[in-house]
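Straight from TrEMBL, the features:
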- Leu12, Gly13, Ala14, Gly15, Ser16, Val17, Gly18, Ser19: NADP(+) binding site (BINDING)
- Lys106: NADPH binding site (BINDING)
- Glu191: L-homoserine binding site (BINDING)
- Lys206: active site, proton donor (ACT_SITE)
- 354-429: domain 'ACT' (DOMAIN)
Amino acid sequence: MNEYRSPRVALLGAGSVGSQVARLLLERGDEYEARVGARLELAGIGVRNVSARRDVELPQELFTDDLEKLVASSDIVIELMGGIEPARTLLLGALKAGADVVTANKALVAAHGPELHEAAATVGAQLSFEAAVGGAIPIIRPLDASLAGDRVNRVMGIVNGTTNYILDKMHREGASLEEALRVATELGYAEADPTADIEGFDAASKATILASLAFHTTVPVESVYREGITGVTADMVAQAEKDGRVIKLLAICERVNGSGGERVNARVYPALVAADHPLAAVHEAKNAIFVEAEAAGDLMFYGAGAGGIETASAVLGDLVSLARRHIAGGPGTAVTPTANLTIAPMEEVVTRYQVTLEVRDQPGVMSRLAGLFGDSGVSMESIEQRSSDDESLATLVVGTHAAKEADLQSVITALAEHSDVVSVSSFVRAEAV
Ligand code: NAP
């Protein structure tokens with residue numbers, strides 16, 4: 001039997017995820033050895049504060065604050081610190097020196113993926129990031145490898161557990177956004193500063209990663225259209241319930257075919273989903289990603305999108321797979337774009353909409369407003385009138401057929417200026433209805 005040198009593994013970060021990775025790596029050493037064919041040696045754990053209390057008990061002698069030195073002496077580097085720097089510099093250094101890298105850092109992969117992939121490809125090292133989207137859910141490898149022989153047309157997912165928890169609570173309990181956010185913070189689902197989650201930045205990072213993999217092209221994070229959930233009101237949720245729908249924060253990546261040829265679009269916003277669509281059944285802080293592929297048809301990936309131990313599962317899966325390759329030898333398989341698709345701007349996206357208006361309740365108002373929609377090329381599918389506390393006013397809820405975003409925005413502008421209209425209370429896109 002061949003004798004292999006144990007791959008030296010550097011772990012950067014020992015927080016929620018890192019401490020669980022370290023624990024499992026130490027406790028399950030024999031199992032990993034059997035699966036890999038060599039013992040994985042945890043060479044050290046890089047942190048800021050070597051004497052801080054950790055979620056789990058770990059050997060103190062493993063801790064160091066000299067991350068550069070630790071990285072330089074390792075075959076595989078696992079980055080679980082978060083943030084852009086110093087993670088970016090450390091990982092570029094590791095890859096350039098030929099080490100393989102595992103990271104769960106979606107912000108880093110979204111903003112600097114091409115640079116990291118190129119560094120890996122140049123030396124034949126491997127960069128793996130299964131945990132960067134969907135926590136424990138296997139979605140990166142399915143898109144990159146399992147579906148490599150297919151053509152993915154659309155990826156639509158709930159990729160942020162915090163906002164799903166908040167919206168789910170608003171639906172189930174009629175809670176306001178503020179109340180649901182307060183509970184999410186108390187339970188540890190939301191961070192003290194929830195901006196990255198509720199404004200959709202986290203989901204946009206994940207949309208970039210999913211779109212780039214699904215369409216084998218580069219989708220810069222700056223090109224992702226982003227709206228968070230802060231505009232979602234209890235009224236909008238109640239109307240959705242009444243219509244047999246739910247509001248979910250969706251990350252949508254799709255091929256857009258039109259006069260500009262084939263392009264791609266990635267976007268994040270709260271959208272209406274039919275109550276019987278599989279994504280509507282994703283409750284609490286769970287994540288799910290719905291993939292539409294030409295040959296495979298519809299696929300759904302569901303599970304825990306976050307959590308220390310859950311995310312550790314994805315990280316350790318990457319580690320075992322990298323370690324096997326390390327033992328087998330040969331270069332890694334870098335993720336390199338094979339298509340060069342341009343980005344279709346949000347204005348060209350086609351979807352359905354629901355617009356809620358406060359109007360003056362006077363004869364002919366419905367037909368005048370229908371004309372206004374039609375003038376902008378947007379066809380109404382439904383219109384519902386609700387009474388208002390003020391007898392001189394009425395609330396209209398208008399559903400549209402599929403229309404171009406630019407046309408819908410023209411309608412919104414025209415409505416806001418129309419003498420029959422007191423206010424446009426809300427508009428929400430309908431994606432899976
Ligand atoms: P965390 O609990 O905040 O832990 C971060 C760890 O990194 C800490 O041990 C910290 O050291 C260390 N660290 C941070 N900056 C450092 C620096 N400049 N130098 C040295 N050490 C540094 O983070 P986490 O929740 O485990 O998340 C880690 C990564 O996984 C992030 O990229 C995150 O986006 C991703 N992720 C997390 C989850 C989840 O459920 N938590 C899910 C999916 C992906 P000290 O303890 O000494 O301060």
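Quick reminder: no glycine exception, Cβ is built from N, Cα and C everywhere.
All TrEMBL annotations are machine predictions without curation.
Keep in mind that what you see is a predicted model, and the values were worked out from it rather than measured.
Features as recorded by TrEMBL, highlighted on the structure.
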{"residue": "Leu12", "record": "NADP(+) binding site", "Cβ contacts under 8 Å, 6 or more apart": "Gly18, Ile45, Gly46, Leu67, Leu70, Val71, Val77, Ile78, Glu79, Leu80, Met81, Ala87, Leu90"}
{"residue": "Gly13", "record": "NADP(+) binding site", "Cβ contacts under 8 Å, 6 or more apart": "Ile45, Gly46, Val47, Glu79, Leu80, Met81, Gly82"}
{"residue": "Gly15", "record": "NADP(+) binding site", "Cβ contacts under 8 Å, 6 or more apart": "Asp55, Leu80, Met81, Gly82, Gly308"}
{"residue": "Ser16", "record": "NADP(+) binding site", "Cβ contacts under 8 Å, 6 or more apart": "Asp55, Gly307, Gly308, Thr311"}
{"residue": "Val17", "record": "NADP(+) binding site", "Cβ contacts under 8 Å, 6 or more apart": "Leu80, Ala104, Ala131, Gly308, Thr311, Ala312, Val315"}
{"residue": "Ser19", "record": "NADP(+) binding site", "Cβ contacts under 8 Å, 6 or more apart": "Arg54, Asp55, Val56, Leu58, Gly308"}
{"residue": "Lys106", "record": "NADPH binding site", "Cβ contacts under 8 Å, 6 or more apart": "Phe129, Ala132, Val133, Asp202, Ser205, Lys206, Ile209"}
{"residue": "Glu191", "record": "L-homoserine binding site", "Cβ contacts under 8 Å, 6 or more apart": "Thr162, Thr185, Asp197"}
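Per-residue pLDDT, averaged along the domain 'ACT' (354-429), amounts to 94 for this model. For ligand 1, the recorded positions lying close by, meaning a CB under 6 A from one of its atoms, are Gly13, Val17; the full candidate list was Gly13, Val17, Ser19, Lys206. In the three-state DSSP scheme, Leu12 (NADP(+) binding site) falls into the strand class.
Note: the domain 'ACT' (354-429) comprises 24 helix, 34 strand, 18 coil (DSSP; helix = H, G, I, strand = E, B). Taking the mean position of the Cβ atoms of Leu12, Gly13, Ala14, Gly15, Ser16, Val17, Gly18, Ser19 as the NADP(+) site, the remaining residues of that chain whose Cβ falls within 8 Å of it are Leu11, Gln20, Val21, Ala22, Val47, Leu80, Met81, Gly308.
Taking the Cβ of Ala14 (NADP(+) binding site) as reference, residues of its chain lying under 8 Å away and at least six apart in sequence are, in sequence order, Ala22, Ile45, Val47, Arg54, Leu58, Phe63, Leu80. In three-state terms derived from DSSP, Lys206 (active site, proton donor) belongs to a helical segment.
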